[in-house]
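Peer 1: Mind having a look at this structure? Questions to follow.
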Amino acid sequence: MQRLLFPPLKTLLGSQSVRLLVPRAAPRTQCGCSCGIRRPLRSGQYSTVSEVALQSGRETASLPSKAADRVVGRWLLVCSGTVAGAVILGGVTRLTESGLSMVDWHLIKEMKPPTSQEEWETEFQKYQQFPEFKILNHNMTLAEFKFIWYMEYSHRMWGRIVGLAYILPAAYFWRKGWLNRGMKGRVLALCALVCFQGLLGWYMVKSGLEEKPDSHDIPRVSQYRLAAHLGSALVLYCASLWTSLSLLLPQHKLPETRQLLWLRRFAHGTAGLVFLTALSGAFVAGLDAGLVYNSFPKMGESWIPQDLFTFSPILRNVFENPTMVQFDHRVLGITSVTAITALYFLSRRIPLPQRTKMAAVTLLALAYMQAGLGISTLLMYVPTPLAATHQSGSLALLSGALWLMNELRRVPK
């Protein structure tokens, strides 16, 4: 791990690009006495530090490609970690019903929180003009408002940190020439997705601030916009982590057999299933569907509840009926665990490197841990700490699936 994070100095000093700036002494001539006479320096030879400094302004030294790949890979690994933190913090913000406490959006102005009593009173009065206070929190005190405000404020500020973690290093690496042509396109796409994610977050919040005279439900954000917000965050996380693993982990030269081809395809399908299961959790959270049936394995007294198709047309039930949404999430979760179990036993039938076997075992362990967390969250009526841990587990499971996919990727010819 130390060698991965901090490459040996000898490796960097031994590279051709670094040796370009090492002063080279002029050869001596034999004159028959004890002293040596230096020949005149040719072009490209430096005799003083000042000459090196002058020449470095004209020429830009770049890292060797492998060293640059390691640096970029570690940067994207850190970026994926910040995205994971934003997803987890966003889940806690949703679970504590804090997401609608900040009723406007300013990129710079809102970075400074209220400091005086007067400023807090003004912020509280703005919140009181919107449906969540009027319908759900009309007895809320200023102290209670401060808690939910700081939860949403933390989520928004963390989102800004994520943006800076992507954009500033990307500009630096681009200027230094450490990104090849393909990586430049990928990095541009990641930075654009970060910006889009911030705009999508505010678009989601606006749906919970709108007056809905015909609705008797408690104010909440649109489950469709919530799913889009979470989905784009998961895409950003997966793309960053995949690129990082591809740059940092040496690729295995596996024999291209029919069994390996099937295993690779099955791993890709399983990863897609895990992603879909995590995305369906956004509809569960958006509709509070985790509070509908708090029993397992049955839903109430039956395996298939009678109110699955309450809405018309039928397709609305998939996205708007809390019973159907919970049922779908259960089915997807059970299917994911079954697929991962089958993937593990299939991988045991093929001779694989030790690291690949470890990835398969890790994915299996994460799958059953996530299933246990989901069932416990349901049976205990969705306590915030347990539900937040369950949401974090979905990221861990996605990471395990990406790791195994990366281990099985085809070596380019």
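Quick reminder: no glycine exception, Cβ is built from N, Cα and C everywhere.
Predicted automatically and left uncurated, TrEMBL annotations should be read as such.
Marked as transmembrane segment by TrEMBL: 75-95, 157-175, 187-205, 225-249, 270-293, 329-346, 358-382.
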Peer 1: Between the stretches 157-175, 225-249, 270-293, 358-382, which one has more Cβ pairs under 8 Å with the transmembrane segment (187-205) than any other?
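Peer 2: So the stretch in question is 225-249.
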Peer 1: Out of 157-175, 225-249, 270-293, 329-346, 358-382, what stretch is closest in contact terms to the transmembrane segment (75-95), meaning most Cβ pairs under 8 angstroms?
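Peer 2: Comparing 157-175, 225-249, 270-293, 329-346, 358-382 against the transmembrane segment (75-95), the winner is 225-249.
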Peer 1: Per the definition of 3+ C-beta pairs under 8 A with sequence separation of 6 or more, do the transmembrane segment (358-382) and the transmembrane segment (270-293) touch?
Peer 2: yes
